[in-house]
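I have placed the structure first, in the form of structure tokens, so that the comments after it can refer back to it.
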Amino acid sequence: MKCSDCSTYNPCGQYGYCQDHIDGNWECQCKFWWIGTFCNQQSSSGIQVITLSIISGILIIVFHGLSIYFSIRKKRQQTQEEANKINQNDLPNSTLTPMALINIKQSARFSSFSIAILMLIITAAGLTVKWSLLQPIHNELVNKYKRADLLFYERNSICNIIDLEDFNMLTLPVACFFMLIFIIFSKRTSCMKKKLNGHVAPIVPIDFYTHIKRKFAAVVFAIIADELLDIVNQVINGNTSKEEGVIVVYLLRILKVLFIGFRYYPVLSAVYIDSILTLTCAILYAWLDFSVSIVYQGLCQSDFYPSDDNFDETNGTDIVRLFEYYGTGQNLIIIQLFTDIPRYICWSYVIIKLPMLLINKISTTIKHKNKDQFKRLHLTREEKILLHSSAVHSVEMSYVRNLFRPINQRSTSRLFLARLIPKFIYQWRDDFRFSSRILCVYASTCLVLFFITVQACILVVPYLDELQNSIQQLIDQISISSNQQNKQSEFPLPNFVRPYIIAILTALIVTMIQLLILLTNIRRNLFQIFRGDDSEIPKRDKSKYLSYSTGNFHFAGFFIGYLIWGYALIALFALIIYISIDAFITFGSVKFLEKILKLIIPILLLILFKMYLNKLLARYIFLQYHGDILAINNRRVLMIFLYFNFFLDSFLGFISSIIRIIKSIVGGCLYMSRLDYSPMGRKLETLDAGFSAYCGFIHMEAVHRNPIMLVVASYLYSRMKAKQYVTKNLMMMMKNDRKSSKDYSSKVVQKWHLVILLLRNPSLVFLRKHALSQIENKKTKTLNEVNRRQSCIEQTLHRPSLVSEIDLQNMWQKNVN
């Protein structure tokens with residue numbers, strides 16, 4: 001049609017697109033199911049889609065309405081006796097308030113409050129020191145930016161000492177020195193115990209299968225995860241040197257990871273050894289490392305400001321983009337200090353908790369100082385952990401007691417936090433504690449998620465406009481190449497900032513929810529393995545013990561790696577969805593998305609209609625008692641329905657296979673961070689390395705942390721140690737007697753040996769000569785008593801009388817009893 005062009009006149013209305021041709025004519029391209037020259041008529045396909053959607057909506061409403069009706073009817077048919085039992089088991093509201101107040105007082109102890117206050121003070125002091133170090137660097141780079149000079153700062157000379165070829169050479173030697181001291185003063189428990197008086201033994205940083213000092217270890221692992229994330233960023237963003245080569249560079253990164261482990265080894269091992277010497281050394285080292293970290297991150301390695309050491313990697317382009325987007329004010333410093341808050345809170349907890357542990361250790365030592373040395377039984381750290389399992393209030397003993405109690409009679413948790421969380425979300429149990437390994441992994445992942453989210457929001461946002469323009473040009477070129485007459489964009493992109501921020505927050509929330517669900521599943525799977533239930537985790541097989549062990553090795557690393565990939569995939573899919581929604585909101589219509597929806601909506605409506613029709617027929621026609629019993633009703637009608645449904649579902653099966661692939665892709669991305677879920681299915685789940693690592697971890701945890709096994713082993717070991725305790729005291733008393741008296745005979749020594757023998761074997765007491773003579777005398781007295789009574793009876797009757805053997809046995813039994 002000949003008219004003005006579409007830029008000045010749009011005759012197609014809101015249901016069509018106006019397109020200009022080369023010859024000067026225009027044409028309306030109708031949206032969805034509109035037809036006509038001016039896109040003002042509804043097509044037959046559109047009417048059918050609307051009709052099918054209405055029918056599907058009616059089926060959905062009828063199905064769910066009937067389901068709600070029968071569920072309400074079923075609840076009303078419950079007897080009054082069951083309701084009274086439930087009401088009797090519930091506690092009155094008047095008792096909840098004082099119990100909650102008591103739990104508040106118990107949980108919110110003064111020590112926790114003081115720790116929190118000191119942590120805030122030290123965190124604020126550390127951030128203030130770092131701000132004072134960053135402010136001159138920021139001012140210098142701002143002045144260079146205004147003069148259009150090269151944007152880098154010269155590092156302080158102390159950085160060459162702290163950072164030698166990316167290795168911290170100031171705190172690492174100190175850490176190795178303290179580790180050497182710990183090794184020298186540690187005692188061996190099994191190998192060559194007599195050499196060097198048992199000293200020089202390997203030190204353990206943490207026992208991952210216990211729940212001793214879990215929070216302290218988790219905080220230290222969170223700090224380690226922060227430094228490991230910096231190495232990962234250097235590997236991803238850094239350029240490998242041609243002289244060193246790729247393999248050498250990655251080997252150096254691995255060596256740096258090992259050095260980070262050595263740096264934090266003294267802190268963890270000192271808390272595990274739990275002695276005055278080790279805790280003192282750990283306090284000195286922690287303050288040194290914390291101070292050096294503040295200086296290093298402030299003067300030597302900044303998150304945003306390039307130095308003369310790393311200027312060649314970006315040539316200052318990143319800082320220029322940050323100055324352009326965030327300005328030259330204090331915004332970058334505030335962002336960097338905000339990023340450092342979790343790191344400094346963790347460090348402040350460590351340097352406060354160590355002195356408190358030292359004070360508690362000194363006070364305990366002073367209390368036991370006045371006791372005699374021979375009355376004390378020295379135990380190793382492992383022995384103390386094992387003996388604690390049989391204590392009255394231990395977690396393992398609580399689990400064993402709950403085995404003999406009904407669920408409604410088990411004691412509820414005394415923590416106030418457990419009462420705040422609804423039971424349908426998470427039920428807190430006092431008879432279970434997660435191991436130290438789980439807390440360390442979760443602390444590391446939470447801090448990694450925080451840093452990834454902050455960096456994704458701060459560092460990527462300034463580049464979104466450039467990314468949007470590049471993608472828009474690519475889409476326009478593709479649309480023009482497919483349709484040369486089309487001058488309008490098939491997919492106009494909105495501003496990326498809003499969808500990107502929402503997508504990042506969505507990925508963070510979804511990943512955190514997945515982590516919490518995984519945490520509850522770990523507890524449930526452990527309980528299942530404890531009672532021999534293999535419904536979720538494959539049954540333990542002897543031929544797969546090696547696989548379980550290697551999977552247990554990889555659990556923590558796979559956990560973090562899968563988590564990061566799951567976070568990135570969720571953010572990507574969410575970004576695509578939010579960009580599409582924002583495009584509809586901003587531009588009103590998008591041709592590319594309309595074509596996809598026009599193809600998908602009829603198929604989805606047909607599948608939805610067929611699905612709810614089958615549910616209605618199955619529940620109210622083909623099953624007895626409205627689906628409460630799996631028994632066929634109306635058998636002949638069902639046979640007819642199955643005959644015709646055989647051919648109808650062939651088409652739906654083809655569509656369902658495509659949906660199956662789409663669901664598997666979406667489900668695999670959403671559940672990527674879940675090691676307990678395998679997207680390969682039940683038969684192929686062992687081929688999934690992540691699920692195999694999870695199974696290995698669960699089986700190893702169940703074997704080494706079974707509460708029943710620990711309680712029995714602890715009880716037996718405590719009995720053995722009690723005998724050793726008595727024996728040691730007797731031997732010490734013998735030595736003291738020998739020192740006090742010069743003349744002693746061998747009979748005294750024999751008597752002491754006899755006492756020890758009888759204490760170890762109580763059943764031998766009844767076989768001694770004195771005990772046997774007492775039994776013989778008792779028998780003689782009994783026979784004499786029987787003869788005396790017999791003679792008395794004979795004298796009374798004036799005739800001889802004999803006592804039968806049966807009477808004698810009865811009288812004997814009576815006297816013995």
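Just so you know, glycine gets a Cβ as well, placed from its N, Cα and C.
A TrEMBL annotation is a machine prediction, not a hand-curated record.
Positions annotated as domain 'EGF-like' by TrEMBL: 4-40.
What TrEMBL records for Cys30-Cys39 is disulfide bond. A 10 Å cutoff on Cβ-Cβ distances gives Cys30 (disulfide bond) a total of 20 other Cβ atoms nearby, all chains included.
Sequence-distant contacts of the transmembrane segment (47-70) (same chain, at least 6 residues past either end, Cβ-Cβ under 8 Å): 33, 601-602, 605-606, 608-609, 612-613, 615-616, 619-620, 626. As annotated by TrEMBL, transmembrane segment applies to 47-70 (among others).
Look at TrEMBL and you will find 113-133 (among others) tagged as transmembrane segment.
Per TrEMBL, the feature transmembrane segment maps to 167-185 (among others).
Summarising the annotation, TrEMBL assigns transmembrane segment to 271-288 (among others).
TrEMBL lists 439-464 (among others) with the feature transmembrane segment. For the transmembrane segment (439-464), same-chain residues at least 6 beyond its ends with a Cβ under 8 Å from one of its own Cβ atoms are 206, 208, 214-215, 217-219, 221-222, 224-226, 229, 318, 321-322, 324-326, 335, 338-339, 342-343, 346, 495-497, 500-501, 504-505, 508, 511-512, 515, 519, 555-556, 559-560, 563-564, 567, 571.
The transmembrane segment annotation in TrEMBL covers 500-522 (among others).
Annotation source TrEMBL lists transmembrane segment at 553-579 (among others).
Residues or ranges marked as transmembrane segment by TrEMBL: 599-617 (among others).
Positions annotated as transmembrane segment by TrEMBL: 637-659 (among others).
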Against which stretches of its own chain does the transmembrane segment (553-579) lie, if we need a Cβ under 8 Å and a gap of at least six residues from its ends?
225, 437, 440-441, 444-445, 448-449, 452, 456, 493-494, 496, 498-500, 502-504, 506-508, 510-511, 514-515, 666, 669-675, 689-690, 693-694, 696-697
Return the residues near Cys39 (disulfide bond), defined as same-chain residues 6+ apart in sequence whose C-beta is under 8 angstroms from its C-beta, sorted by sequence, else 'none'.
Cys12, Gly13, Tyr15, Gly16, Cys28, Gln29, Cys30, Lys31
Go through the chain and flag residues at least 6 beyond the ends of the transmembrane segment (167-185) whose CB is under 8 A from any CB in it; none is fine as an answer.
161, 199-203, 256, 259, 262-266, 269-270, 273, 275, 277-278, 281-282, 285, 288-289, 292, 296
